[in-house]
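Asks: Feature table excerpt (Swiss-Prot):
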type	residues	note
BINDING	GLY40, GLN41, THR42, GLY43, SER44, GLY45, LYS46, SER47	ATP binding site
DOMAIN	3-246	domain 'ABC transporter'
Amino acid sequence: MIIRFDNVSYTYQKGTPYQHQAIHDVNTEFEQGKYYAIVGQTGSGKSTLIQNINALLKPTTGTVTVDDITITHKTKDKYIRPVRKRIGMVFQFPESQLFEDTVEREMIFGPKNFKMNLDEAKNYAHRLLMDLGFSRDVMSQSPFQMSGGQMRKIAIVSILAMNPDIIVVDEPTAGLDPQSKRQVMRLLKSLQTDENKTIILISHDMNEVARYADEVIVMKEGSIVSQTSPKELFKDKEKLADWHIGLPEIVQLQYDFEQKHQTKLKDIALTEEAFVSLYKEWQHEK
């Protein structure tokens with residue numbers, strides 16, 4: 001499943017004194033099975049971009065193509081329904097949208113609306129919940145008797161229960177404790193590597209971006225100013241400063257190390273494990 005943006009612009013409240021163009025002339029493509037991160041300052045157009053992916057917003061100009069379905073500002077909702085079934089959207093603080101009295105009912109709400117096999121959806125959701133550290137009897141429990149972090153994970157899995165091909169998540173770990181953050185991010189990565197799902201992550205956490213993403217899209221003032229690998233992105237400190245994007249902690253550590261020892265390691269480390277490997281290699285060659 002490929003998503004392509006061709007010259008996409010979106011204007012809020014068009015034709016009024018309050019109109020605001022949130023994204024303009026966006027051209028990009030999301031390939032099946034890759035992990036994308038979208039980064040940029042607040043107001044750079046990230047959320048507007050992802051809402052155009054499954055036509056929660058329709059382009060003011062330009063086209064969004066999802067496989068063989070082309071979406072314009074004129075496309076009727078009945079033609080978009082197959083797209084929405086295949087793209088799971090998890091917005092910020094999704095726990096605020098929970099409303100069913102048991103986890104099981106929460107899990108089958110989306111699949112029921114799309115007339116999916118409910119037993120398959122329940123089994124799939126239960127497996128994902130177990131991966132996130134829940135007990136076996138979680139399906140009979142009330143989400144409203146759980147902690148905020150548990151409710152967040154329940155809300156995320158309620159979207160994943162529809163088994164979408166593309167998973168779009170907006171700051172999914174904001175406010176979570178470190179263990180829950182790791183659980184959520186590892187689950188998303190496993191869905192990419194084990195089930196060939198496309199992950200599109202909005203995040204301000206460059207540590208997450210460095211560790212998990214295959215490709216990073218940088219947005220500034222409604223435009224894409226860069227689309228590259230994490231390693232290439234974090235090489236250019238001047239551009240990062242101009243875009244107001246910080247360095248991951250491990251990359252900053254590497255730059256500090258190189259400055260202190262007046263050396264240059266052979267590669268940029270995006271994880272602690274990679275840095276240790278580069279450090280050992282440097283020691284061996286010293």
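Cβ atoms are placed via backbone N, Cα and C, with glycine included.
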Asks: Which chain neighbours of the ATP site, leaving out GLY40, GLN41, THR42, GLY43, SER44, GLY45, LYS46, SER47, have a Cβ atom within 8 Å of the mean position of the site's Cβ atoms?
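Replies: Neighbours within 8 Å of the Cβ centroid, excluding GLY40, GLN41, THR42, GLY43, SER44, GLY45, LYS46, SER47: MET219.
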Asks: As a test of the contact definition, list every same-chain residue at least 6 positions from GLN41 (ATP binding site) whose Cβ is closer than 8 Å to its Cβ.
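Replies: Expected: LYS220, TRP243, HIS244.
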Asks: Which residues does GLY45 (ATP binding site) neighbour through Cβ under 8 Å, counting only same-chain ones at least six apart?
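Replies: Listed in sequence order: ALA22, ILE23, VAL26, MET219, GLU221, GLY222, SER223.
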Asks: Once the DSSP letters are reduced so that anything not helix or strand counts as coil, what is SER47 (ATP binding site)?
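Replies: In three-state terms, SER47 (ATP binding site) counts as helix.
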Asks: Indicate the candidate from THR42, SER44, SER47 with the smallest number of other Cβ atoms within 10 Å of its Cβ, considering only these binding-site residues.
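Replies: Lowest Cβ count within 10 Å among the binding-site residues (THR42, SER44, SER47) is THR42.
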Asks: Report, as a single number, how many Cβ atoms besides its own are within 10 Å of the Cβ of GLY40 (ATP binding site).
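Replies: Result for GLY40 (ATP binding site): 24 neighbouring Cβ atoms inside 10 Å.
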Asks: Can you tell me how many other Cβ atoms are located within 10 Å of the Cβ belonging to LYS46 (ATP binding site)?
Replies: 24
